[in-house]
Amino acid sequence: SLFFCDFTEKQAITVKMPGLILQDQDCPWFWDNLTCWQPAKVGDVIEVNCPELFSQFISEEDYGQSLEATRHRSLLVSRNCTAFGWSETFPHYVDACLYEEGNSSHPDMYYVSVKALYTVGYSTSLVSLTTAMVILCRFRKLHCTRNFIHMNLFVSFILRAISVFIKDGVLYAEEDSDHCFIHTLECRAVMIFFHYCVLSNYFWLFIEGLYLFTLLVETFFPEKRYFYWYIIIGWGTPTVCVTIWAVLRMQFDDIGCWDMNDNAAIWWVIKGPVLASIMVNFVLFVGIIVILVQKLQSPDIGGNESSIYLRLARSTLLLIPLFGIHYTVFAFSPENVSKRERLVFELGLGSFQGFVVAVLYCFLNGEVQSEIKRKWRSWTVNRYFAVDLKHRHPSLASSGVNGGTQLSILSKSSSQIRMSSLQAETPS
């Protein structure tokens, strides 16, 4: 979102050049891939603040010296509106906005790399989650409350990946597109859908933690009744939050594509529930670890001390992706601190979370593996008998009787033979 501009009067200063005759020809809106320049008349000089993007490439030590740095360099870049159009920026972005003289890194390359990383991550997660959903929906023996919650979590991950791809397709369709004019209804609808999917994903992570904690604490509880409440919390609460956010944006901050969040009060309608779910999930995670320690140290569970800690470590590692504990690393830190690390951690590595959850709670699940093996053996046996009977009894094969029907016929015949033999042996 750093590549977009929400142009306000505070972000630009128009300076009239005295002694110049203004003409009717004006300079239109202009996007130079870093900053949005407002319309101006010939002779005007437009000054804007350095794009926030460049703050990612200033070290914390240099950031602390920013007041001293303002005496030696400009924090503004300017363009002059001439009769031939916009002039070049003066001073150049690098000279005005980068404190370190020897810094030769290119800001765009960093974001391109992050975008490539999370594109691969969300694509991998999307394929693995879709496969996991097909498996869980296909086998009826896997239909239970626990797996239904897993399936809803998988759907939230799938929607989150799809929303990211849609957002990138709409907002970043062309690298040099004119972002000054991206304020259509389609663009805002995409942002609403994106925030809804992200919120739903966080809430279903919270529900996973709440369900597991309830299983460990309560001996008997009505799972089906609770499941309906889980549905309301997981899909209903994000709907309410996003609706309130959209109404507030429309009334008080209806600028651009709604991709920037300059109004902190309105942004907390989205950010608040996310932080609350992360915080509660972390508390539940700690509570579950404490319960697991108590259960593993029980005399009913055998094993030495090393095996107990090994089980605990394994359980903890399995719960981290399911609860989204990694989000607590930057959850409560200011947004302007370690932005580059936050992007890599939350966007880059976080995009693979769906893949990890699908692997741990579907592909490596013992129940899922045993059910797949059972279905595979059943299909192999049916196929074997179908081929075998086709060679031995061509008339049966030509009559259209399949292997499963043949097996049932054989089983019925054998049962009838056993019954007749029993009747013969039974005295009248």
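Glycine residues also receive a Cβ, built from the backbone N, Cα and C atoms like all the rest.
Quantities reported herein were computed from a predicted structural model and do not represent experimental measurements.
Here is what TrEMBL says about this protein:
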- 4-101: domain 'G-protein coupled receptors family 2 profile 1' (DOMAIN)
- 114-365: domain 'G-protein coupled receptors family 2 profile 2' (DOMAIN)
- 116-136: transmembrane segment (TRANSMEM)
- 148-166: transmembrane segment (TRANSMEM)
- 202-221: transmembrane segment (TRANSMEM)
- 228-248: transmembrane segment (TRANSMEM)
- 268-292: transmembrane segment (TRANSMEM)
- 312-332: transmembrane segment (TRANSMEM)
- 344-364: transmembrane segment (TRANSMEM)
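When each of the listed stretches 116-136, 148-166, 228-248, 312-332, 344-364 is scored by C-beta pairs under 8 angstroms to the transmembrane segment (268-292), 312-332 comes out highest. Remote same-chain residues near the transmembrane segment (148-166) are listed as 118-119, 122-123, 125-126, 129-130, 132-133, 136-137, 190, 193-194, 196-198, 200-201, 203-205, 207-208, 211, 227, 230-231, 234-235, 351, 353-354, 357-358, 361-362 (criterion: CB distance under 8 Å, separation of at least six residues from the stretch ends). Per-residue pLDDT, averaged across the domain 'G-protein coupled receptors family 2 profile 1' (4-101), gives 63.
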